[in-house]
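Enquirer: Sharing a structure with you now.
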């Protein structure tokens, strides 16, 4: 940091090296997203970053949480961006600030709010006027908070990124300039930059004249930085995203970038005298329903954990990769970039096991629907986003139930139900499960239907796509729906629930009751006083889906722990003391859910489980995370 009284000229990117206040500087940065870490642990994670030898903190901004409804903003609690920046400043860290509006980040819809999709003509990440008006309104709320934290005004922010990896999208050649101008006209004066995959094509498609280009990769640093240097020869090099590990998808293995490979890659970056940002330095958690999804040769939703195999684990503990990073920075960083004596590494947080705790009560899904009140009645099904709820902002996350009463007995014994599901659906006839549908499988044969039967389709939104690409690198993504409808561009096609008509054989089904199941705090408050809770006697006899209540006590100060859902449970959501911890699913790879100590209470606690398939009699918390069978990260660029 500049000393008091010194003129702050800010970060300059000209020549071989960055300069800050006229002095050469190498940026050694780590990504920690405030919205993925309990506020009580922000300082701990930053202290560990600094003790590793890093001088800069990087964060994205999640538009969808900050503006959950159009014009309604939230900058409190885990979303208090000013408090986060203030903490970084207090610890003497610089900040690279990445406000989007699109962030990718394995975050639902890349951080874009779902209410944008209420516009049937919406064109995100373009200069489409309604989209840019929404961006400008968000920046009107965000950037006045951020402006005083700029380096030139005495704060920690030394650089601001314009959008994110636009070279992999590139639908509108005027868009990046429009975002840049929107940022600058609100008083942002620090160095601007873009970041893209390291090949020349994407760097060129994602650049803005006069704005610093940076590269994202985890393979062949010499080749990737060579491409950056070729297209931008007279400016310093920076790896904006050195992928320290990788994220995981449900039903796949847990990705690992082994320490030996990590050491080789990081060593090469540092020997090339490049600045670097570790993505991620600490991944944290996709709490609630905030995980994203990829469309890479098919839809692949991300797990709840965002451990990322990063130098700090999901629980914030130093890993072997952390200690190797510390060692390499001390020996290979540019002179003066790392202090000769680093602070001691703060210890790992204490962990504890609790339980087992028995399930005391349960409530059937049918009884739970009474808590939701009157359903929405519609002639045709509609997607979550189009529901007339939440002040006409629609439903963003969770589940949605579509109910239809048959008006006549089908002419044949067997019929075909066909619909376009986003993303996974359980089919029930008169309360009994008859099968499953998903984004890939959109039809099912049903037998014995008759007049007045009740058809239920319970759909889970498993996370909106944040990144889409075919393996050959083509940047236009045309998806065919199971009903044969051209879905168009993946990022424009993220409406959830049922989309289009529901067909029984070839006849559209009309007249529906629609129940949005968002699992918001107000729902949790109502369910507690519901009269239909039943005492558990035999978990095997409980109909599903169902809600399960576990009351338990912790006599001492709580410690970090992990909710173990591997034994007995199938698929669902865990809500602890009113906070949605996220999804669990027996297919893995993730087997435990991270429970930070601040989410627990000394004394009485309450856990609510929404189980879709296989109820069990008890739960327990373990002191050791299990993220699943490991697989080495493939060093193939997205």
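Including glycine, each Cβ sits where the backbone N, Cα and C put it.
According to TrEMBL, the feature active site, proton donor maps to 165. Residues or ranges marked as active site, nucleophile in TrEMBL: 241. Residues annotated as domain 'Glycoside hydrolase 35 catalytic' in TrEMBL: 18-331. Summarising the annotation, TrEMBL assigns domain 'Beta-galactosidase 1-like first all-beta' to 394-476. If you look up TrEMBL, you'll see 545-605 marked as domain 'Beta-galactosidase galactose-binding'.
Please go over these features one by one and say how buried each is and what sits next to it.
Expert: Remark: residue 165 (active site, proton donor) has 104, 195, 196, 197, 202, 206, 216 as non-local neighbours, by Cβ distance under 8 Å and separation of at least 6 in sequence.
Sequence-distant contacts of residue 241 (active site, nucleophile), defined as residues of its own chain at least six apart whose C-beta falls under 8 angstroms from its C-beta, comprise 31, 195, 216, 217, 277, 279.
Looking only at the domain 'Beta-galactosidase 1-like first all-beta' (394-476), the predicted model's pLDDT averages out at 91.
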